[in-house]
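J.: From TrEMBL, for reference:
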- Cys31, Cys33: [2Fe-2S] cluster binding site (BINDING)
- 108-293: domain 'FAD-binding PCMH-type' (DOMAIN)
- Leu136, Val137, Met138, Gly139, Asn140, Thr141, Asn142, Ile143, Asp239, Arg301: FAD binding site (BINDING)
- Gln634, Arg748, Ala924: Mo-molybdopterin binding site (BINDING)
- Phe750: substrate binding site (BINDING)
- Glu1106: active site, proton acceptor (ACT_SITE)
Amino acid sequence: PGMVMSMYTLLRNNPQPTMEDVTEGLAGNLCRCTGYRPIVDGYRTFCESENCCQLNGSTCNMSNGNENGSVEPIENVKLFSKGDLLPLDPTQDLIFPPELMDQTTQRFCGERMTWISPGSLNELLQLKADYPQAPLVMGNTNIGLDMKFKGIFHPVIISPTQVAELFKVTQKPEGVCVGAGCSMSFLKSVLERSINDFPPESTHMFRALLQQIKLVGGQQIRNVATLGGNIASAYPNSDLTPILAAGRCTLVALSKDGRRRVPIDKDFFLGFAKTILKPDEIVLSVFIPASRPNEIVHAFRHAPRKESALATVNAGMRVWFNENSNVVKEISIYYGGVGATILSADRACQQIVGRPWEEATLSDVYSTLVDEIKLGPSAPGGKVDFRRSLTLSLFFKFNLLDVTQVEIPQKMQSAIQPLPKHIQPGYQEFQVSAQDPVGRPMMHRTALSQATGEAVYCDDLPQTDGELFLMIVTSSRPHAKITHIDFSEALKLPGVVDVITAKDIPGKRFRTFTGYDEELLAEDEVTCVGQMVCAVVADSKAHAKRGAAAVKISYEDLQDRIFTVEEAIEKESFFLPRRQIERGDVEKGLREAEQVYEGEIRIGGQEHFYLETQSFLVIPIGEEKEMKVYLSTQHPKDMFCSNLIALNFLSLFRTGRPVRCVLERGEDMLITGGRHPVWGIYKVGFMKDGRITAADFQYYANAGNVVDESVLVAEKILLHLDNAYNIPNLRGRSAACKTNLPSNTAFRGFGVPQCMLVVESMIDDVALKLGRLPEEVSPLLLKFSIREINMYKEVSLTHYKMEFDPENLVRCWNECMKKADFRQRRQAIDIFNQQNQFKKRGITIVPIKYGIGFAEAFLNQAAALVHIYKDGSVLVSHGGTEMGQGIHTKVQQVASRELNIPTSLIHISETSTQCVPNTCPSAASFGTDANGMAVKDACQILYNRLEPIRKKNPKGTWQNWIITAFLEKISLSATGYYRGHDLDMDWEKQEGKPYAYFTYAVGCSEVELDCLTGEYRTLRTDIVVDIGRSINPSIDIGQIEGAFMQGLGLYTMEELKFSPSGVLYTRGPSQYKIPSFCDVPLKFNVYLLAGSSNPHAIYSSKGIGEPTVFLGSSVFFAIKDAVTAARKDAGLTGPFQLNSPATPERACLACATHFTQMVYESYSNPFPWALNI
């Protein structure tokens, strides 16, 4: 709904937007599993200037598959029809509520807080005099976050949104005076107007400030965030304050005692979030001066994501030359993000003033900046070397941006050229069935309710009478004994009903999983920050939150804390069993190899960041201690969910009242754990032609404080050790390391994305060791690249002795090479890299062979319940959980085919253990395979029961047959069951059949990298997937694109940061960055392999939920390819370690530019800002 409302707002203000308007309007909306591309292409239809068949609802290209697998082209297949859409009716547009336009003073009093909105400037000043500590709130983009996430309390809040003087704008020849209450969006329009009104030479400051404003948050933030608030907040990484300070801006501070004009400079900011403003003063207005003749002003920023992200480093720079000279008369250089407040590079400026702007002067400036801007290894935010190198790189860009009007050499121009950003229409190719709904693109059955906001999530359920709210109290220590829990003060607070500790749990106080016990609540000892210790139950969320804050836990710290896998290895802290698998003779293979190389790579963890946090509602029903439980999970038996549900149950039994628990985002990220960080070490032997003779892998996964599913993840890592490569001598060992971090758990891919990145890094290193690229054809074989020469090509055995045919893997590879036009683009990239010094491009193509199903055979079963009602409608219940992946839609298509009725007659019931007990997890990309077969079984039973009725009345309708069956007492309800594949893995014998089949895919991505900042853009991605015969191509392509974007986040941007004491820093979207619209490949093409079938799954389809996560690594390796080109310019060749995610920091430092080498320092401080997990 956020995306819909963003587009609605845009169309209300601009009925004919450009694609740039659309992408700008969508910025800030996050949901990486959508893949974003379908949303962008859908909204492209509003841009009438865009010339694409998708404007009319058509795909760019499709093909039609018939029963014998041949492919026939079809034209103009409609995904939707514009004629089906209601026309826009402006009379139905919402209006602003008139009651909120009251200009009189308004006062709202809550239980603890008073909100006052004054109607005049005098009232505002009086309120500030009466309540000097009360914050001013306009957009609430800062104060609100502090109150919610930092627990800051303000008894009085003043909201001067009705004070007209704060919105006044005055234009003078000297510049523009803007009211401090003006929003960023309004300020943007003021600056755009001023740029048109003033002479071009006077607009440098306006243009620089405008450039920064466009990058402040998203459009939604800019619509409410104010100029005055940005300044008064005094955050060190504010995008506006460095340019305001460099640009000679001033502000008017006003109080009842009078007004004063204050320069916005280094003296205005006293420290973090502190200024020289007095407590009773407000910022009335800001004066933005026009640029003087011979004065140049520019602004710069770098952020972890291209939009809606706080800057890592930003800068405002201004230089004023003597007339008709390159001698510097005056200069200001301000940086943000390199200290507690913005920093003025005074010493560097002194080096320049009075000297000509030339190479010798600038060389001195770089040296001075290195000495002047110092950051210790414990500096908040980390990234010390990177931030210091950015200060040099941004000044270098300033030098190139027409400062002296000197012609820039062609090779250096790339330093100031922006990265490409125009998103082109996506291209999808698939096969459709003309017989029935199965095999045809069909809209997700909940798409409309999701888009309109009508979809009901757990916390949307209405509050019931007497309902209570449960809030978790977690440990603040990583490893300590609990000496005392004091909740007496909590019970005294209003609304608090109960506090539950481990001692209140009757019977068994732990759950057992994979042989290990996990406490529901910590009783005597805590083993990580975020471990659940007790729970507070109150009559509202606010009261429960206050009660939780009042609980005091006393600890006695234990010294043997373990955070990293290195520490776990040293202290032999592992969850058992540790697994090993081997084929061939690895030692012999290494001896016979012509070269041997040893390498390693680290893969960081990943936060789930699902749309709905963990949520539960337990309601008592009837008199038999029966209860109804609503929960947001893909598996009701899940370990963490079970623990929380148990607490809700216990609260219900102790109070006799319904209990709700909805974790806030920060709590969820702290408690639930995510993808395992992995350290992969390898030793590989290979020949000069690239053939790998032997490979030895060691994987260490950081499991956290409890086992959860970590041992199973470590096992699956070894089962995918080979990826797509037939290595004759192969060995793998894996260990789940027990540490004092929150427990990690199952995540899309279940260890495979980490495992395969290590394998592909090995392939990459072999190529670089041989002095060529992984896709470069071997000069000895003249046909195959290093990846191809080692790839499975004929019926083979895996390293666990499972036979499979890789024909479709090879087909995917060849087709992707062709569709992506790889060879020609590789040549073009090489030419580009030769011509550009500071921008480099890279391209990579990677394969995947992914096993589908559970190695634990009992998890592959499924059941379903199908009812047919007298009116002909059908209700289907099954054990799969709909998480947006489309399982309900596919099941609807299955029932439609088996019963031979339209999908409009089929309704899917929400997953409930009341209908289908003992459900297995919707995971392992096996949800549709299992539940689809169970529904198919139930429908076939019912269809066969109706056979006599159909024979009696062959021309009858479905409704006629159902009425007749009812009258003849034929049961119209059936249970379906699917036993599943008998899969297993014998780890003693190191052999088995752990998977039903393999899904194959190949992805190719091209990126452009800014070597000075590490920022990159994915120019194009092509993906070819063998999905058998797709049940629903539109949903499957959506799954492919969403998985790819999640993988892109894993491998290039998503970073979990822990403090040296094990506290998770990244507990929300402001610190943890997932991909957004700005990260979608500019050209995103998906092809489903034609002519494929799969006898091991329903209707010859294949599971697709997890495999293509790994294809996001094609962007990682494309970045590494671009970095390789940059390192070549720096005289560096051969293998190098680039850890995942390949953030701008890591990419920039790996490029080894002159600036990164100037600032590089080796630190031995045992207390860095963040742990290297």
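Cβ atoms here come from the backbone N, Cα and C positions, even for glycine.
Surface or core, plus neighbours and distances: that's what I need for these features.
T.: For Cys31 ([2Fe-2S] cluster binding site), the number of other Cβ atoms no farther than 10 Å from its own Cβ, over all displayed protein chains, is 20.
Other C-beta atoms found within 10 angstroms of the C-beta of Asn140 (FAD binding site) number 15, with every protein chain shown included.
Taking Cβ-Cβ distances under 8 Å and a sequence separation of 6 or more, the neighbours of Ala924 (Mo-molybdopterin binding site) in its chain are Phe750, Ile852, Gly853, Phe854, Leu859, Gly1103, Glu1106.
Phe750 (substrate binding site) is surrounded by 25 other CB atoms, counting those within 10 A of its CB over all protein chains shown.
The 10 Å shell around the Cβ of Glu1106 (active site, proton acceptor) contains 24 further Cβ atoms across the protein chains shown.
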J.: Same-chain residues six or more away whose CB lies under 8 A from the CB of Gln634 (Mo-molybdopterin binding site)?
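T.: Same-chain residues close to Gln634 (Mo-molybdopterin binding site) (Cβ under 8 Å, separated by 6 or more) are Thr881, Met883, Pro921, Ser922, Ala923.
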J.: Between Asp239 (FAD binding site) and Arg748 (Mo-molybdopterin binding site), what C-alpha distance do you get in Å?
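T.: The Cα atom of Asp239 (FAD binding site) is 36 Å away from the Cα atom of Arg748 (Mo-molybdopterin binding site).
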J.: Sequence gap of 6 or more, C-beta under 8 Å: which same-chain residues meet both conditions with respect to Leu136 (FAD binding site)?
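T.: In sequence order, the residues whose Cβ lies under 8 Å from that of Leu136 (FAD binding site) (at least 6 apart) are Lys128, Ile158, Ser159, Pro160, Gly228, Gly229, Ala232, Ile282.
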J.: Sorry to bug you, but what's the C-alpha spacing from Asn140 (FAD binding site) to Arg748 (Mo-molybdopterin binding site), rounded to the closest Å?
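T.: Rounded to the nearest whole number, the Cα-Cα distance is 36 Å.
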J.: Using the Cβ centroid of Gln634, Arg748, Ala924 as the reference point for the Mo-molybdopterin site, which residues of the same chain not in that list have Cβ within 8 Å?
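T.: Sorted by sequence, the hits are Ala746, Phe750, Pro921, Ser922, Ala923, Ser925, Gly927, Gly1105, Glu1106.
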J.: For a quick check of understanding: among the binding-site residues Cys33, Met138, Asn142, Asp239, Arg748, which residue's Cβ has the most other Cβ atoms within 10 Å?
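T.: Answer by Cβ density within 10 Å: Asp239.
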J.: Cα of Cys31 ([2Fe-2S] cluster binding site) to Cα of Asn142 (FAD binding site): how many Å, rounded?
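T.: Rounded to the nearest whole number, the Cα-Cα distance is 23 Å.
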